[in-house]
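Engineer: In case it helps, TrEMBL gives these features for our protein:
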REPEAT    1-73  repeat 'Solcar'
REPEAT    86-179  repeat 'Solcar'
REPEAT    189-275  repeat 'Solcar'
Amino acid sequence: GGTACVVTGQPFDTAKVKMQTFPNMYKGLVDCFVKTYKQVGFRGFYKGTTPALLANIAENSVLFMCYGFCQQIVRRIVGVDRKTKLSDLQNAAAGSFASAFATLVLCPTELVKCRLQAMHEMQLSGKIIQGHNTVWSVVKGVIQKDGPLGFYRGLSSTLLREVPGYFFFFGGYELSRTFFASGRSKDDLGPIPLLLSGGFGGSCLWIAVYPVDCVKSRIQVLSMAGKQAGFMGTFVTVVRTEGVLALYSGLTPTMIRAFLANGALFLAYEYSRKLMMKQIDSH
């Protein structure tokens, strides 16, 4: 599921990070795509793909594993049997709990991904003299400068994004599946309803938490050039100097990516889960 998500949405994610971190460099999504292609070529859209794959595979593996555990915790809290189907709201709460665990594996890999994606802009703006263009050089730079804890820059803003965001993510997904099922079992839905439900869940997540993600990207990228303020400091600085709309820079590629990538994520997740369950049942 995580692999399908990255392959589908990486170019739009790259544009999102560039526009969030350097909003004055680009007039919009098309301008960002054209300039990136002219300056770095097609491979520029896939900068940070390796850590993005690691981030998404690790995050979604932990997320969906913990989602199952958290569903059982929710069942205990509300006092129902282990096999009772949860409501859409209860599933949303379970997804929100699960995201807190996923954040611990996501934050380090996402920091490396964001830095690779915005490396060219950091050099253009003069914030750094020479960029590190490989995953290993970025990892080595973080360890040398800040030690292992340097990978957790932006952890608080990642948590602020993930916990409420995944409430809307799983809530939107389950509500949409309920709508398409129309009284039938949600497990019997075909690929198109699953794609649309995943896309709707992803859109709900990003609409709800986009300004938080914008602050997170700035902290993780700009901390390359030296000490960066925390979440509230960065948030206040952006609003004062650039205005509230700066927090929504890169929203267009994010919404396109959210629908496509999360549709692919849930489709791959549901079908791979069914395949694995069949394998288990046959043994």
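Count begins at 1; order follows the chain as displayed.
Placed from the backbone N, Cα and C atoms, the Cβ positions cover glycine too.
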Engineer: Mean pLDDT over the repeat 'Solcar' (189-275): what is the value?
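Structural biologist: Taking every residue of the repeat 'Solcar' (189-275) together, the mean pLDDT is 90.
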Engineer: Per DSSP, what is the residue tally for the repeat 'Solcar' (86-179) in helix, strand and coil?
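Structural biologist: With helix first, then strand, then coil, the repeat 'Solcar' (86-179) has 78 helix, 0 strand, 16 coil.
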Engineer: Which numbers of helix, strand and coil residues does DSSP report for the repeat 'Solcar' (189-275)?
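Structural biologist: Secondary-structure composition of the repeat 'Solcar' (189-275): 77 helix, 0 strand, 10 coil.
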